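Asker: Reproduced below are the annotations present in Swiss-Prot:
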type    : residues : note
BINDING : 5-19     : FAD binding site
Amino acid sequence: MAQRVCIIGAGVVGLATAYALVREGFDVTLVEARERGGLETSYANGGQLSYRYVAPLADSGVPAQALGWLLRNDAPLRLRPRLDPAQWRWLLGFLAACRGSLNRRNAAHLLRLALLSQRTLQDWREEDGLDGFDWRRNGKLVAFRQPASFARARQGLADPSAQFVLTAAECLALEPALSAAPFVGGIHTPDEEVADCHAFCVQLAERLQASGHCRQLHGRRVTKIVEGGAAVRGVEVGGDLIEADHVVLAAGYRSAELMLPGLRLPLYPLKGYSLTLPVGAQHRAPDTSITDYDRKIVYARIGERLRIAAMVDIVGFDPGLEPARLALLRQQARDTFPQGGDFDAAVEWAGMRPATPTGVPLVGNGGYRNLWLNLGHGALGFTLACGSGRLLAEQIGRRPPSIDTTGLLPRGALAG
């Protein structure tokens, strides 16, 4: 008889975990508070599958920059201090992670997981015929406005054999739509990819339904993880107990509400925003994915749409749209790609990205014998989802992991 796994949360990480587990022979129950999966942080994110450019937000240059950003209305990072111990714990952990040695170590952890994720998605596409989510291998160009930031990036390439330094003229030759922006150079990674994260969630949910080994409960909120000694028995949903041999917590930033006594998740939501523009024959949208490094804006051509995403707001738990931030994003995007799409028809969105202070997700055991975590991916949720799901399925199935798991669930990370 197949072992039963209950997964809390049907965003891209939860769905990818369910898919990996079903492929390994488990029976899965997926519980999602919304009416279907992929409607929260996975709905309209940046769309870039950025496997080799995975540097954590916690960087040695950020503390000094942040002091200047606090005084600017157009800053890519905004902090609104609150009387919230969780926010201050997270900020202190973030500052500690900005040390250069820790940043490099955490970037190495992320790169291992990202490359596994790329291989895993390729396996699923080739072996299972998974498609229908506007996937393309279109490459990525990280473009720089400031000579100093360009110089630092050239010195810290994650994979010099797969990344290429370009002059301003070479950037323009690669992507002619950049003609309106004063970039001084860029770093090109040809094998990066792009896709529609929400459509990917829909495809995974349909495949899981067709498998006969995944029960999906939508519009149902888990109110409690039920413990029993050194293990957990299952989850409580609407007063009913759903028993399981294993429980996976993948509910994004809301996961902290469900942690058991004595355990605390080092998570905080980083609010981000996106615009999605229709692209017609009269427009000049970039075909290559673009990251405007100095403004911290990403651009991704997803089918006949241009997705523009940006900003890190550490402002609490309100997921609502903020007109001033969206107006700033619209203005900066129009300055960079004035003919990039129909700005008047842009669809606005905001999402709450669950992040750890280090930027490295928590993928592994959650302090009880059969409680597992897959969360804290920050802005890299789509990029890391398939690899994280595969890695957790291997751990639950007691199989040798595909990569070294060092750093993915550090000792003491869950201390209450």
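Every residue number used here counts from 1 along the chain in the order it is shown.
Including glycine, each Cβ sits where the backbone N, Cα and C put it.
What you see is a predicted model, and the numbers here were worked out from it, not measured in a lab.
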Asker: I want to check the contact list for Thr17 (FAD binding site): same chain, sequence separation of six or more, C-beta distance under 8 angstroms. What comes out?
Answerer: Ile7, Val248, Ala250, Asn374, Ser388, Gly389, Leu392, Ala393
Asker: For Val5 (FAD binding site), what is the tally of other C-beta atoms lying within 10 angstroms of its C-beta?
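Answerer: Summing over all protein chains shown, Val5 (FAD binding site) has 27 other Cβ atoms within 10 Å.
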Asker: Just to confirm: which same-chain residues, 6+ apart in sequence, have a Cβ under 8 Å from the Cβ of Tyr19 (FAD binding site)?
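Answerer: Within the chain, Tyr19 (FAD binding site) has Cβ neighbours under 8 Å at Trp124, Leu204, Arg207, Leu208, Gly389.
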Asker: Including all protein chains shown, what's the count of other C-beta atoms within 10 A of the C-beta of Gly11 (FAD binding site)?
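Answerer: Within a 10 Å radius of the Cβ of Gly11 (FAD binding site) lie 31 other Cβ atoms.
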Asker: If one looks at the chain holding Leu15 (FAD binding site), which residues at least 6 apart in sequence have a CB under 8 angstroms from its CB?
Answerer: Leu30, Gly37, Gly38, Cys201, Leu204, Ala205, Leu208, Ala385
